[in-house]
Amino acid sequence: MKHVFSGFQTFLKQVHSPIYLALAVVIFSAANPVTSRIIELGKTYEINGRNPISFCNVLFVGNLCALGLMILIFHPDWQLHKLRKLTRKDWFLLTVTAILSRAIAPGLMFSALEKTNVTNVVLIGRLEPVFTLILSILLLKISVNWLSMVATLISFVGVAVTVFWGVADPLDMVINFDFGLGESFVAIAAFISAITTILSKQQLQSIPVGIFTVYRSLLGTFVFFWIAVIIYGFDHFMDVSSPILWRWMLIYGAIIVVVGQVAWLAGLKNASFIQINLASLVTPILAIIFAYLILLETPTNAQYLGGILLLLGAILSFIDNLKTAKDKQASKPLNSREAMDTNVGFRGV
């Protein structure tokens, strides 16, 4: 058995980074449609009128699966001498980013899936890099070139087309903030994710990636649970031990969470700047395709046009990244923190 396990490890090490990245991208792209489909299936197993595979149950149990995986991978970073190096400011910012990125933002994304279709969630979620660039200019005072600005503007127009196309009075809709609840949740989640990205880049680069990742997952799961309890009561999680929930979550956790996260981390180990940016570019396209294949969601005219504009913006952004990156940066791995925070949309947790 030991020989077989050792041979399997050797085989995994021989697999090239692009293959791992491609596998992770496919899994992450399918995460939203698969989540929605599993929750739909849960309606056939209702317990006294309650769906045991609810969004909150899936998010909570999925996060527990992810947390277990992160602890196995990153436990060497949790050594006392490393923890003592963190200042009070580090712990405070870690706590803020954990609550925002691992409790509030995912909760909003899951709530959005209840209110609108997956295609809208994917397209409007592309606001995150737009918000990140704007906040970087305002808060970090970074300089941007014209191509980056054009890419951002086109992406923003693409989201606007998705939301406003076919609306009789778009101006009145904006003034009264009369957006769809699901669409609003996605936009707010994108803004929150952008804030955490800025905080991570500005203040948390010196913190070991293992401490950063495990602490975010642990605190985020804890805070999400108590937010849900405060809003809905303990009864909201009364079906969390349901066998049917765990049966599906073992599949979901094994494929979407474990295989997806392991493939992503393995791919990042030796991935180049270009490969990671390509992953970010391809993911939303595949997500829309999976929404059609798994949920039979046919994009509307607004989604087609908005998606084309978003794709154009993403391509221009990719070209800009290639032009501005130094040759040596394009051929070596990214900083581990920057790589892990690459925007590839919802990752299942």
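Start at 1 and count along the chain as shown; that gives each residue its number.
Yeah, the Cβs are placed from backbone N, Cα and C, and that goes for glycine too.
These figures come from a predicted structure and were not determined experimentally.
Look at Swiss-Prot and you will find 15-35, 53-73, 91-111, 120-140, 147-167, 179-199, 218-238, 248-268, 276-296, 302-322 tagged as transmembrane segment. The domain 'EamA 1' annotation in Swiss-Prot covers 39-164. According to Swiss-Prot, the feature domain 'EamA 2' maps to 191-319.
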Best-contacting stretch, by C-beta pairs under 8 Å, relative to the transmembrane segment (218-238) and drawn from 53-73, 91-111, 147-167, 179-199, 276-296: 91-111
Contact yes or no, the transmembrane segment (53-73) and the transmembrane segment (276-296), 3+ Cβ pairs under 8 Å, gap 6+: no
Stretch contact, the transmembrane segment (147-167) with the transmembrane segment (302-322), Cβ-Cβ under 8 Å, 3+ pairs: yes
Contact call for the transmembrane segment (91-111) against the transmembrane segment (179-199), three or more Cβ pairs under 8 Å: yes
Contact ranking winner - 120-140, 248-268, 276-296 against the transmembrane segment (15-35), Cβ under 8 Å: 248-268
Long-range Cβ neighbours of the transmembrane segment (302-322) (under 8 Å; 6 or more residues past either end): 119-120, 123, 126, 129, 145, 147-148, 150-166, 273-274, 277-278, 280-281, 284-285, 288, 330
